[in-house]
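Trainee: Not my notes, these are from Swiss-Prot:
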BINDING   Ser187, Cys220, Pro221, Gly222, Gly223, Asp239, Asp259, Asp276  S-adenosyl-L-methionine binding site
ACT_SITE  Lys305  active site, proton acceptor
Amino acid sequence: MNNLLLYCRPGFEKEAAAEITERASNMQCYGFARVKDDSGYVIFELYDEEQADLLARKLPFRELIFIRQMLVVTHELKDLDVADRISPIIEATSEYTICGDLRVETADTNEAKELSAFCRKFTVPLRQALRSKELLTKKETPHRPVFHAFFMANDHLLLGYSYSFNNSEFHMGIPRLRCPPDAPSRSSLKLEEAFYVFVPREEWDLRLTSGMKAVDLGACPGGWTHQLVRRGMMVTAVDNGTMAQSLMDTGQVKHLRDDGFVWRPSKKNIYWLVCDMVEKPARVVHMIADWFRENDCQEAMFNLKLPMKKRYAEAVHNIEVLRGLLKEVDNAFVIQAKQLYHDREEITVHVYNKYWVSKLEAKE
């Protein structure tokens, strides 16, 4: 079989399909996407079956915007005997290379939520069976492939694998985060997820550390500011609205009632710039580029709101515009973009300069 299975946000299947089709063709890998609206996944069928594994290894997952997880599908099992689902799975995957982790998953849809509890319960016996047949390591092994069982119904599933060096580390491609009780809004989770997805965990003490100065444009009521404050940063919140009093009481927040597109810092001591303003993407992109051009920040996280149509094309266009603007400043900028779980009709973009980050590392 050897197709690709791609998880995405329900309602964004066409964007995921357009993205994988374009990115695969850039690698001379051709096929077509099978799309079912609001399903939360896309199946990409390749004309050359061997190319599914090639894409899973070589197409950089971190560069994909609308795709939450990418794996090779080797088998589709239908009409399983619910009294014994494990035997057909073992038989189908008997020639798999030994895997280091197991993920029993389903789509991120309301309809599939009923399957989630089943998937959790089924994981334990399947894990035991795979280990007994030496298809899964005795302990979780990060450097081995990941075994995926993707249930579409309790008697229907896709079997496959992903590479741990080129996949999402999260179950279903979704970080499991809880909204802090003192957060002014659930948008706080959006920035927290962005940190998990874009900033390597081993660099948090370097790039997300106490004492850093940060700016939050369009801050009110303070969801994103809350994430910066809880990491010990000193934050300038720029917004004409009202900030949550709980944040002001920390003593770490200075609230300026001003236009986020106009205000600029008087000192060159800002490390993080974050922005979640509802505005046309083109305007946001040019503003972000201006901040880096003037050396007003060292690293940025911001959202780009998407139109109702041509969302993939719009996202790619704005990222390429930003890339061009930043190249005029320095060739060392890195741009990452993702539609996060906590994003809706938007994507989150992360920008940093490799040279500036290396200087932080040198100080350590």
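Quick reminder: no glycine exception, Cβ is built from N, Cα and C everywhere.
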Trainee: Say we define neighbours as other CB atoms within 10 Å of the CB. Which of the binding-site residues Pro221, Gly222, Gly223 has the fewest?
Mentor: Pro221
Trainee: Sort out the sequence-distant neighbours of Ser187 (S-adenosyl-L-methionine binding site) for me: same chain, 6+ apart, CB within less than 8 Å of its CB, listed by position.
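Mentor: Once residues fewer than 6 apart are set aside, Ser187 (S-adenosyl-L-methionine binding site) is near Gly223, Trp224, Asp276, His342.
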Trainee: Look up Asp239 (S-adenosyl-L-methionine binding site) in the DSSP assignment and reduce it to helix, strand or coil.
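Mentor: The residue in question, Asp239 (S-adenosyl-L-methionine binding site), is coil (DSSP, three-state).
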Trainee: Would you please pick out, from the binding-site residues Asp239, Asp259, Asp276, the one with the fewest other Cβ atoms within 10 Å of its Cβ?
Mentor: Asp259
Trainee: Taking the Cβ of Cys220 (S-adenosyl-L-methionine binding site) as the centre, how many other Cβ atoms fall within a 10 Å radius?
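Mentor: Around Cys220 (S-adenosyl-L-methionine binding site), other Cβ atoms within 10 Å: 20.
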Trainee: In which DSSP state, out of helix, strand and coil, do we find Lys305 (active site, proton acceptor)?
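Mentor: Its secondary structure by DSSP: strand.
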Trainee: I need the CA-to-CA distance for the residue listed as 'active site, proton acceptor' versus Asp239 (S-adenosyl-L-methionine binding site), whole Å please.
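Mentor: So the alpha carbons of the residue listed as 'active site, proton acceptor' and Asp239 (S-adenosyl-L-methionine binding site) sit roughly 18 Å from each other.
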Trainee: Have a look around Lys305 (active site, proton acceptor) and count the other CB atoms within 10 A of its CB, chains all included.
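Mentor: Step by step: centre on the Cβ of Lys305 (active site, proton acceptor), count other Cβ atoms within 10 Å, giving 17.
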Trainee: Per the record, S-adenosyl-L-methionine is bound by Ser187, Cys220, Pro221, Gly222, Gly223, Asp239, Asp259, Asp276: how many Å separate the farthest pair of Cα atoms?
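Mentor: Maximum Cα-Cα distance: 20 Å.
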